[in-house]
Amino acid sequence: MLSMNLLPPSPVTVFKKNPLHASLLDSKIGSRTHLFRIQDNPLGSLAKPLFQISKSSSNFGLISKNPFGFSCKSEPRVVKAASDTPSESSPDGEVIKVEKTNQKLKLALVFGFWYFQNIVFNIYNKKVLNVFPFPWLLASFQLFCGSVFMLILWGTKIQSCPKISKSFIVALLGPALFHTIGHISACVSFSKVAVSFTHVIKSAEPVFTVLFSAILGDTYPLPVWLSILPIVFGCSLAAVTEVSFNLGGLWGAMISNVGFVLRNIYSKRSLQDFKEVDGLNLYGWITILSMCYLFPVAIFVEGSQWVGGYHKAIEAVGTPSTLYLWVMLSGLFYHLYNQSSYQALDDISPLTFSVGNTMKRVVVIIATVLVFRNPVRPLNALGSAIAIFGTFLYSQATSKKAPEVEGKSE
């Protein structure tokens, strides 16, 4: 918002209706008093004066830096209207209200798309695994979809492709490996237990973040350590009361937490020299490398069972096109919800993102329980609620630590 260095001596009249344009200033900018004329139409009719402001002849503007003498930074001085019109009804007030409304609408859209895409992925991912229980192949296909999607974005110039060097690829090898471990472990968990149970266990990710970061030398205040206690207790209560409990599913979710935490920690340490690469491009290259890691291992682990499993899946579903549609939706929305999360992190603060991510798990758990009609015991629901609440407390506690972390990094 434009502002001027203003002192009381002489008046300058400003007129209502249209915003003040610097191009309409009087050519005699060095004179004592000027009349700013705002044109409402091509004939240049004048609007009715609304209020007056004053200026100093010596400090009206730095012409050498800005030809119109305006500063792009708002000044602490307040210009008071001479008329009875309240300041809230001024054009500036209206612009601020519109901007706040637009920000709220944008935030709602970002979270709306993020939640919707996550729900669709979890539903169709589980649908496929129910009839085709081969998570290694499905996880590989989902990474393949993400790789193709990013190549299309880069090829069509919708997303600018980063400059790739050997050092960049080498720096990505570690994060991509841990991303692969996190993704395939989650898929294995989804194939063995209810989606809701996997998400409850995955809400314990902050516990591993604090533990591994502490081992590597980071320090956390007492509120952060206290916030992980309800997470541990809630996950434990949910696990012992889970109807679909399976040890493989539990370990899959836990290993997934470890994988994603190590990916985040390793990324911060190995990618310090590549800050010019934005989040979406970084995720795109991690996806491509993860696919290269995972697919050969998938062939070794379960490749011999794919043909027989495919025929059984077709018999269970009824038509091949239905199975293909489910697989395509799981792959497409896996990439889209991750892309939305990166875009959301660019548009909002880390604290808002953390709270939104916590609520995302609540929405996904409720949606999948309703869709798949999973039985939920009261103690299981209580444990899930405690664990989710613990992640919320963790996000609040770490937000207070954030300035200290930033200060140390500088």
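Just so it is clear, glycine is given a Cβ too, placed from its N, Cα and C backbone atoms.
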Of the ranges 168-191, 216-239, which one does TrEMBL list as transmembrane segment? 168-191
With the transmembrane segment (247-266) as the reference, find which of 107-124, 136-156, 168-191, 282-301, 313-336 contributes the most Cβ pairs under 8 Å. 168-191
Would you kindly list the residues that approach the transmembrane segment (282-301) from elsewhere in its chain, counting only those six or more residues past its ends and only Cβ-Cβ distances under 8 Å? 136-137, 139-140, 143-144, 146-147, 150, 153-154, 159, 162, 164, 168-169, 172-173, 175-177, 179-180, 183-184, 267, 271, 274, 335, 338-339, 342
Stretch among 136-156, 168-191, 313-336 sharing the most Cβ pairs under 8 Å with the transmembrane segment (107-124): 313-336
Overall pLDDT of the domain 'Sugar phosphate transporter' (105-395), taken as the mean: 90
